[in-house]
Amino acid sequence: MGGGGEDEYESLPTHSVPVHLTAGALAGAVEHCVMFPFDSVKTRMQSLCPCPETKCPTPVHSLMSIVKREGWLRPLRGVNAVAAGSMPAHALYFTVYEKMKGYLTGNSAGHSNTLAYGASGVVATLIHDAIMNPAEVVKQRMQMAFSPYGSSLECARCVYNREGVAAFYRSYTTQLAMNVPFQAIHFMSYEFWQHVLNPEHKYDPKSHLIAGGLAGGLAAALTTPMDCVKTVLNTQQAAEADPANRRIFLQARYRYRGISDAVRTIYSQRGLSGFSCGLQARVIFQVPATALSWSVYELFKFMLSFEGGHSS
């Protein structure tokens, strides 16, 4: 491989928007879909709706419980909603991050730029969450035990008809309160580990995989409390009996007005431990998901820049 391809890879943050859009979209789909079953486990463990999985000792036991009771495909309910939302959201997310990082650092790398990496991640998150929040609402309602919706489209239509557009953004401020620190920690950690493992900042699959996994796991663990609050706001449903069919189903109930209501309810029902529900499942989901996301992003960024270099 000639030096030209490497030079183009290093210069990407300053000008190659189409590359970042394409690589980011592919990375988003991989990140959210590959480990999706554990995201379903996390949602059920964090929600205050009735769910047998809250009594399981580990996320793996919870996943097997869902499969045993509801079938192999049940943990994948809602994956199409998150895939549809994550591709445009991540395309803009990575593009904005790279452009902001290049602007704030002058396209230089190093520990001295840690705050610039964090600030770039925050700006990217504001745009990402505005696109992703409606998909997150649909996804989490589809993931719930006893969810009455047959498809993600049906879920979106029912939420809109019963609760209005506001329902899709009820948890937006909470999502930002979680994702702003998450992404700041995530990007600062990723760039830190890249500087340690890959000081020349060349394309290096192993360093991207390791740095991505470590960064995602740390950020996920530290922001789990706000993730619990977000899940409670997104899954405001109550269990009701259906005597005719001898089953339980979930009916939408708008009970929590915002972050403070959700925090008080979680604490009153579960105590302080309620804010760490789903931590293991969240980390299990996030470590490989973030590792794969960065690996795919860096791979396609490199491939697309290399192709561009040869075609010019």
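Glycine is treated like the rest: Cβ placed from N, Cα and C.
Among the features that Swiss-Prot reports, repeat 'Solcar 1' is placed at 15-103. According to Swiss-Prot, the repeat 'Solcar 2' annotation covers 112-196. Taken from Swiss-Prot, the feature repeat 'Solcar 3' covers 203-303. What Swiss-Prot records for 17-36, 78-97, 113-133, 171-190, 205-224, 278-297 is transmembrane segment, and it gives sequence analysis as the kind of evidence.
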Selection from 17-36, 113-133, 205-224, 278-297, the stretch that has most Cβ pairs under 8 A to the transmembrane segment (78-97): 17-36
Secondary structure composition of the repeat 'Solcar 3' (203-303) [DSSP: H/G/I, E/B, coil]: 71 helix, 12 strand, 18 coil
Top partner of the transmembrane segment (17-36) among 113-133, 171-190, 278-297 - counted as Cβ pairs under 8 Å: 278-297
Distant-in-sequence neighbours of the transmembrane segment (113-133), which means Cβ under 8 A and at least six residues beyond its ends: 85-86, 88-90, 92-94, 96-97, 100-101, 104-105, 168-169, 171-172, 175-176, 179-180, 182-188, 190-192
